[in-house]
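Accompanying notes for the structure given below.
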Amino acid sequence: MQVEHLDHLAAQEIPKVEMTVSEHDEKEAFRKHLEALLQQAFAGIYSEDTATISLVSFGSLASGFGMPGSDMDLAVVSGWKDPARVDQVGADRDIPRLLERAVLDAKMGGRLLTRTRVPILKVCQHPMEELYAALLEERNKWDELPVEEQYPGQLPVQEPSQQAKPQAEVGGEKAAEVKQQADGSGVGTDTSNTSIGSPGESTSKPTLQTDASPQDLTPKPNETNNNGTNSTATKDHNQRSEKHWAREKVLGPLDFPKTGVGIQCDINFENPLGIHNTHLLRCYSLCDPRVQPIVLFVKSWAKTRKINSSYSGTLSSYGWVLMVLHYLVNVAQPPVCPNLQHVVPPSTDTDNDPRVGAYTVRFWRDEHAISRAAQSGQLTHNTQTIGALLRGFFQYYASVSSYGHPGPRPPQFYWTSEVLSLRSPGGIVTKQSKDWVSAKTILTAEKKVTNRYLFAIEDPFEVDHNVARTVTHRGIVAIRDDFRRAWRILSAVGRGVQTEGGLFDQVVEEGQGGKRNSRYDTPIKHWEEEV
């Protein structure tokens, strides 16, 4: 019954979130328009240095996992005339501001985010008059700054705070928590959706701040109450109980609304690995016709439940895709897809394997060969329906950890100790093995980047990057609560018991008007009630 229910629900929901050919063509035309602006802006300044300059699409639009209305992800790719700069990662510091000015001069919305892990230029096609005026004023303020304030990269770094950080319980399991995670401060100022940086991307020497040591993660006997929870953490979150956290960040005067401003895109200036990541995901989408609809179903569910925003402390779309692929490659039996980083055809010249900086990006990338193998049934013996695979996906991530479980390990993800690792045999490594047991903050004069490990998803190529680093304590509570809610709803199917709503009920949060769109909308309680 549950499988039939999900098959029926998938047949209803997936067509709603498939991007049309016309929308794809419109976005491609906009990409070309932006590329022409970029080339024109470069012509007068960098013509002696660059042979070519282009905007390359990556992310969901290029991988085949894009949904209607989704933003485009574009990367600036330079072809340098100087052979010594061929392997250069990242753009000159003036390039992001140069393109921001070109976008604003073309009467489009442009806002450069400099406190993100790597610089990102957000662009919207048709900004409202008030928004455009605010963006232009912000840029003009920057133009008036002295050069040393425009580019503070050479200023002294801040000294890290030595203040001890509390721990908190996440669904009955211990997890390190930093103060920034608890109240949501800073979320959106040091994060990006799918941006993948590279070593040495900052011009100033970073300072590493560790928020908790492994010893801090183990409660002492006199700090534990009779429920087995840490009393310090309980006291801490009780003190914060009056604070409200929203799954969806409230828009500021410079933020782009979701609709009404035309096509939106994020232009990335230091993301060479993102293009390879996108190609890997696209190749996975070709392995089996069930991959794309399952990814779209899960992304749509996560978006509806408001747990799909790295800017608000939850998980990026890239992270959700990796979660789905982990299940299809490593958990489903038989596997739906092979591991494309393991089935690479033998290479006689491993020295020529693609590399970006220190990272090897070798995988089976022959799209035509993958498609032929898939069509001839060579890649999988799995015959489960989309509904059956979705049921397994929700069960796997909704399960409560059961250490000491007798017999074979049950199919479940251990959120507090495990890392999703698509490149690894079996798809799992431990946080301990990667030293991802406590949050770390890198401080420079330009920004503060917090690497959190409450939820850990290893990037397939940049193996020291946690794709889920933006997930805060409240974010992981929201994500896990929604997996459990989904599993309770599915478990009730066919049993004649009343459910708490539907899988795709819209989230209505406290403090956001209190008005529901329909009788099926689900109000969200404060997170403390579920901890």
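Just so you know, glycine gets a Cβ as well, placed from its N, Cα and C.
Automated prediction, rather than curation, is the source of TrEMBL annotations.
Per TrEMBL, compositional bias 'Polar residues' is recorded for 188-233. Annotation comment: TrEMBL describes 234-244 as compositional bias 'Basic and acidic residues'. The annotation domain 'Poly(A) RNA polymerase mitochondrial-like central palm' is assigned in TrEMBL to 17-126, 259-285. The domain 'PAP-associated' annotation in TrEMBL covers 386-465. According to TrEMBL, the feature region 'Disordered' maps to 153-244.
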Problem set entry | Average pLDDT across the domain 'PAP-associated' (386-465), rounded to a whole number | 88
Seminar exercise, completed: The answer for the domain 'Poly(A) RNA polymerase mitochondrial-like central palm' (259-285), taking Cβ pairs under 8 Å and residues 6+ beyond its ends, is 26-27, 30-31, 34, 55-56, 58-59, 62-65, 69, 71-77, 89-91, 95-96, 99, 109, 118-128, 131, 192-198, 201, 291-292, 295, 318, 321, 325, 337, 340-341, 354, 356-357, 359, 361, 363-365, 367, 370, 459-462
For this session: May I have the DSSP-based helix, strand and coil counts for the residues of the domain 'Poly(A) RNA polymerase mitochondrial-like central palm' (259-285)?
Result: 14 helix, 5 strand, 8 coil
Seminar exercise, completed: DSSP composition of the domain 'Poly(A) RNA polymerase mitochondrial-like central palm' (17-126), residue counts helix/strand/coil, works out to 46 helix, 28 strand, 36 coil
